[in-house]
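A.B. asks: Pasting the feature list from Swiss-Prot:
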REGION    6-91  region 'DNA-binding'
BINDING   37, 85, 97, 108  Zn(2+) binding site
REGION    92-147  region 'Dimerization'
BINDING   93, 95, 115, 132  Fe cation binding site
């Protein structure tokens, strides 16, 4: 975790920002909960447990800054709630998501399944793709299993 924090600190410094204690507390919460897709309120509640002096507005500002610097991605799964996801180190693209419409579970697909599609778009449309996001909405294997029982 400390290596990731050091890299994020360097990323902030390269854009003339500092990793303040408040920002570090927010980053640590994101790292500790990397498998989850936390809302700003979720992040705030977890930060508050360790650093009660940090306010909600500070957490919001920190998340917006981290989004702007591409340390995190701000995502919305169609439920009106923005969630924050740490960018995977070295990933050329944002990972994909499977969102269960029954239980709300969110699973991640790390593989870039759209390489062929990207090549066609770049070749035929002369469109230079910088990133993409793909979210599938359906019924997860856990809920699917319940239907057959």
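Residue 1 is the first one shown; counting continues down the chain.
Cβ atoms are placed via backbone N, Cα and C, with glycine included.
Owing to the predicted nature of the structure, the values given are computational and were not obtained by experimental measurement.
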A.B. asks: Expressed to the nearest Å, what is the distance separating residue 85 (Zn(2+) binding site) and residue 95 (Fe cation binding site) at their Cα atoms?
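C.D. replies: So the Cα of residue 95 (Fe cation binding site) lies 10 Å away from that of residue 85 (Zn(2+) binding site).
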A.B. asks: Please tell me which one of the binding-site residues listed here (95, 115, 132) sits closest to residue 108 (Zn(2+) binding site), measuring Cα to Cα?
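C.D. replies: Nearest listed residue in space: 95.
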A.B. asks: Can you tell me the three-state DSSP label for residue 37 (Zn(2+) binding site)?
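C.D. replies: Reduced to three states, the DSSP call for residue 37 (Zn(2+) binding site) is coil.
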A.B. asks: An 8 Å radius from the center of the 37, 85, 97, 108 Cβ atoms defines the neighbourhood of the Zn(2+) site; name the other residues of that chain inside it, in order.
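C.D. replies: Result: 75, 83, 95, 106.
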A.B. asks: Under 8 Å between C-beta atoms and at least six apart in sequence, can you list the same-chain neighbours of residue 37 (Zn(2+) binding site), or say none if there are none?
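C.D. replies: Set apart from residue 37 (Zn(2+) binding site) by at least 6 residues yet with Cβ under 8 Å, we have 75, 77, 83, 84, 85, 97, 106.
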A.B. asks: What is the three-state DSSP composition of the region 'Dimerization' (92-147), stated as helix, strand and coil residue counts?
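C.D. replies: DSSP classes over the region 'Dimerization' (92-147) add up to 18 helix, 13 strand, 25 coil.
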A.B. asks: What mean pLDDT score does the region 'Dimerization' (92-147) have in the model?
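C.D. replies: That region's mean pLDDT is 86.
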A.B. asks: How many other Cβ atoms are found within 10 Å of the Cβ atom of residue 132 (Fe cation binding site), counting all protein chains shown?
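C.D. replies: Neighbour count, Cβ to Cβ under the 10 Å cut-off: 13.
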A.B. asks: Of these binding-site residues, 95, 97, which scores lowest on Cβ atoms within 10 Å?
C.D. replies: 95
A.B. asks: In terms of DSSP three-state secondary structure, what is the assignment for residue 85 (Zn(2+) binding site)?
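C.D. replies: Looking at the DSSP assignment, residue 85 (Zn(2+) binding site) belongs to a strand.
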